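**Q** The structure's right below; bear with me while I get my questions together.
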Amino acid sequence: MSISVTCCGTGTPIVVLHGWGMNSNIWQPVVPALSEHFQLYCVDLPGFGDSVWSSENDVSLESFIEQIMPALPPRFHLLGWSLGGLIATQIALTHSDRVMSLTTVASSPHFVESNDWAGIKPDILEQFQQQLDSNFKKTIERFLAIQAMGSEDAREQVKQVKQLIFTKPMPDQGVLKQSLTILQTADLRQQLPNIEVPFNRFYGRLDSLVPERAIDDISALAPESKAVVFTKSAHAPFISEPERFISELLKVVEN
């Protein structure tokens, strides 16, 4: 199997998907506590961490999912952060028979800002695309800095995340570029009403990538879903507020 999945703990299965440029080590701050309650499946997305990109297809939400699904248990709760939340949303739409609940973290059905939609400014993602050609490790580090921006311990958080993710292999450069294109172009807004499983959305109040003002717009598209805002967090609430994160996730699964 070309997909790396680290499994730990016992109990109800929960699959966790990381974000762009990262790998499954990003979840380490909450793994010990979560594995006391769940059987945790920490996935390296294809082309990231220890997972190789093995599809002959271009990088897309569908080709990510096609490679991930055979490595997952028959039924599971699904937790996706940032780009991982976008992939998780697509899984919930296309494999609802296997998904017990969907929780997205600092994620959006459409990441890019436009006149009537709050998101990442298009020129920021365009700069990342250009910088990837010259120095992709530095580009990931810059992305980390933007993710942490606004949180009280931003500098410490960036340092912690670097230590976590750089212990695994660097991402495949082609997958890195093409998955950034997914962030630039994917739009699942019109499909959100079709999500049939319990749907919870976690946000950081200080997040500059998925701004707080986007929350109500997403709620309007998915009125059955529930939004939880972490007041002291930017883009990574599970790092900034791990205890509350675990508590909120336990509520999701217990319900």
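Cβ atoms here come from the backbone N, Cα and C positions, even for glycine.
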**Q** Can you pick which of Trp20, Trp27 Swiss-Prot lists for the same substrate site as Ser82, Leu83, Phe143, Leu144, Ala145, Ile146, Gln147, His235?
**A** Trp20
**Q** Go through Leu83, Leu144, Ile146, the listed binding-site residues, and name the one with the sparsest Cβ surroundings, counting other Cβ atoms within 10 Å.
**A** Ile146
**Q** Let me know the largest Cα to Cα distance in Å among the substrate-binding residues Trp20, Ser82, Leu83, Phe143, Leu144, Ala145, Ile146, Gln147, His235, as an integer.
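**A** In whole numbers, the farthest two Cα atoms are 17 Å apart.
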**Q** For a quick check of packing: other C-beta atoms within 10 Å of the C-beta of Trp20 (substrate binding site), how many?
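**A** Step by step: centre on the Cβ of Trp20 (substrate binding site), count other Cβ atoms within 10 Å, giving 24.
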